[in-house]
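Have a look at the structure below, then the notes.
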Amino acid sequence: MDVTEVPWRRLPQFSVSSRASWLVSSGFPLSSYMFSHVERGKTFRLTLCFGVSRLRPRSAIPLRFLLSVFSEQPPSRLKGLCEVVWIVEADLAANEHLYVTGDPSTLGSWEPDCAISMYPTENDNEWEAKVKIASGVNFRYNYLLKAGYGSSSDVIWRPGPQFSLSVPSSVNQDRKIIIRDSWMSMSISSKSQESYGWGSWIDDAYLFPNCVTPAQSEDECTSADSAIEVPRTHLNDKQVGAESFLCDELAAFSSENSNLSALFSDNYQPIEEPWLIQESITLQHERNMQTDSEQDVESCDDNENNLNTDEQNHQLTETLLPDGGFFQSESIATTILINSSICTVQRIAVLEGGKLVELLLEPVKTNVQCDSVYLGVITKFVPHMGGAFVNIGSARHSFMDIKSNREPFIFPPFCDGSKKQAADGSPILSMNDIPAPHEIEHASYDFEASSLLDIDSNDPGESFHDDDDEHENDEYHVSDHLAGLVNGTVVNHGAVEVGSENGHIPMERGHSADSLDSNASVAKASKVMSSKDNKWIQVRKGTKIIVQVVKEGLGTKGPTLTAYPKLRSRFWVLLTRCKRIGVSKKISGVERTRLKVIAKTLQPQGFGLTVRTVAAGHSLEELQKDLDGLLLTWKNITDEAKSAALAADEGVEGAIPALLHRAMGQTLSVVQDYFNDKVEKMVVDSPRTYHEVTHYLQDMAPDLCNRVELHDKGIPLFDLYEIEEEIEGILSKRVPLSNGGSLVIEQTEALVSIDVNGGHGMFGQGNSQEKAILEVNLAAARQIAREIRLRDIGGIIVVDFIDMADESNKRLVYEEVKKAVERDRSLVKVSELSRHGLMEITRKRVRPSVTFMISEPCSCCHATGRVEALETTFSKIEQEICRQLAKMEKRGDLENPKSWPRFILRVDSHMSSFLTTGKRTRLAILSSSLKVWILLKVARHFTRGTFEVKPFMDEKTVNERQHQVAISLLKKADAIADSSGKKKLTLIPIKKEKTSGKQRR
């Protein structure tokens, strides 16, 4: 009989809240399956077999979840214990034993010593374990393999993913849950077949989205070699029927990951969607499990009934897709507030659920902005830093990283004979030969599945530049482009002339060359590297080059540049000197495949493309129009660069450095990245900004214009939403938590440290103490993600959580942080907690933090947070007086106080109070101890810790010094008169008489 295959999709409740591979009971029809995971050396093989009838290939359905399939619901039920039986087919050695381990509350412990042993059954290579578990619980479990007996046994294999099982709340008396797994090796000979493992946890394949509906009852799982009859059930309000069937043939699916080089350890577990299999699951169909390598993996039989069945399944798959073709994240009410300013700083606040989560500040007059493109001049090469300094017109020269295997955009450009090189470095097109948007040829949409898999899976050649990570937190799975390829065609670069002048850049940072000394000269390094490898061979000091700002200057550091600009629009990211195709990981299923094909079709020669999340669901015409705008922008950039370079060669002053393309302002950037269908409204308080935003949306997203509101009330916008106080609290080091704990945030030059304090949230003993610590750490995890996003903290962040004894609690805290940072636009990476409770978080920094922009270093403490103690300043005053006494020729008679030296001491008000308080003041003690007279004066402009010590001079001494100065001036005047031959000018010093308070009229 025909087998009705139900397409699936991932439900929200099975999101990345756990790293487990979920094993959930299901009530919808599914073919018999056999799941195999076999280790051979350093390679894991994953095999899934579906029952197929009529000996025809079926549509490739990926394994998103391991399913426990149950039969129809029994009439009688009761609550209590349910027996769960694990039956595993495994080919083990004589001294090897299989165990089951799981959650401590259900299966005892995750530790190998406390694992539940599985015993061999009557059948060969079959192991069984029985456990009674309370009804209505959900628990995780896993398998492990031990070699040996007793205390001498060693764990030789422990897979990474953890499975999950939901036990129904009501249990039939004579029923039990049976879980069948097969770990038998299967040899499949196919050149075209690829093998994938659990080394990658992100889905990126030609896969249909799957749907799993939890079962409403507890029933027995089906075996891989038995026929079952499953009742009709509902999937997302769609009724799907099935008939009993007999398994006629097994179609094998396999996948592998070449990067998997080691077994999983206890500390290393999949961190993101571990139940997904990377890349495509290729369908293999032949009776003897052998496939011709030249056979199309998506070929189908000519049987019309079979084709109709596949088409129905495909239509149902598309119907079950979420809106937009990609997985929707948890919906949170988002509001964007824009507080405009004419002469100071424009403020943009992002509210999620009524709470301030992000604050963006943009000074009205900004010289350098991130993503702006300049024509700069190379001023100095720094081979030991792997880059060069470039003058782009800013106060400090900017650092540019160099990739020696990627050709830059320089003027004059590289030449190969009489041909100009294209944007990707091939001698095909000149700068003026970049295809216009309307000249792009569009390929046919007739494609095969195998070609889809090869769109972005070329052999990895050159690695992309370091700023490949997206600022809007769109993660991309794209393959490295192959050096020397133009959209898959091999071209000959030809010989590149080697320059004879100094200043050639030797190699990119991190390039390994054992024959080169680290202190070798640039010329020597250039000789070692071949011209084919070093595409910067003609670049030298004074070369004009197109660069883009990837990170704004911070403190004493100048901006960071890249020689390979990257232009962004609403739907695309255009990558220069690249041939890669990428799609946001937030898009999956059929929509992901469609966008891949469109991107490959529209890809301009010599450029790479990345599809952004917002592009999901948009038509080809909309995507092409958006890409045409990017190509036109790049053409304008190259034209401006050529004009500026020619003007500089003709001696025009100020021609370079030149701004070629100004980055989009903060306002429109937020509209582009944030403003979508999930945003409830955007409120602006300036008619000028309102017109700017609506004018931009008229072309990009007209349907969102009605969500833009103009605030014209008397109360300020931020006061209306009560966020001014939260902005004031950004400078505070201590952040209180809702449960009584607190965070202490310390920002240094190297990193940011965050300390979690328990405070009043700590109470109880034993288990209650551990529970209280967990609650504080979980609350801190959520607040930390909010604070680093709100303060725009970048770089390395080290979090010191309260120590926890339970490893599972550490896992919960780690998962909470991972979940909390998902909504951050910047790229955030989180490490697991260490033995000492430390977590390392890295966040991409593209601009100065909010704290840096709204504050400046303290003139007293110099940004250290501490000022000099008054006792220390008092000691310094004593040392300074002693230093000046040592320089004096006459120190006076110690027995005659009138002859003691006199000094004037100027201090701040705090130090003055410190010296003059008490019965016997510190000033008197200092004077009598050093045998000096001290005249104390308060300088109001002095900061704390500042003082000045000068010798005191009476009026007679001052007059004598003034007389000496006057005599020296007379001598200079006489000398000048003698040399010039003019009349002598005599200067007579006149002593000014004191005048009375009343002036005569």
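Including glycine, each Cβ sits where the backbone N, Cα and C put it.
Pulled from Swiss-Prot:
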TRANSIT   1-48  transit peptide
DOMAIN    76-185  domain 'CBM20'
BINDING   ASP755, ASP800  Mg(2+) binding site
COILED    769-789  coiled coil
BINDING   CYS858, CYS861  Zn(2+) binding site
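Residues near CYS858 (Zn(2+) binding site) in space but far in sequence (CB under 8 A, at least 6 apart, same chain), listed by position: GLY865.
When other Cβ atoms within 10 Å of the Cβ of CYS861 (Zn(2+) binding site) are tallied across all protein chains shown, the result is 14. Rounded to the nearest whole angstrom, the C-alpha distance between CYS861 (Zn(2+) binding site) and ASP755 (Mg(2+) binding site) is 22. Looking just at the coiled coil (769-789), the mean pLDDT is 92.
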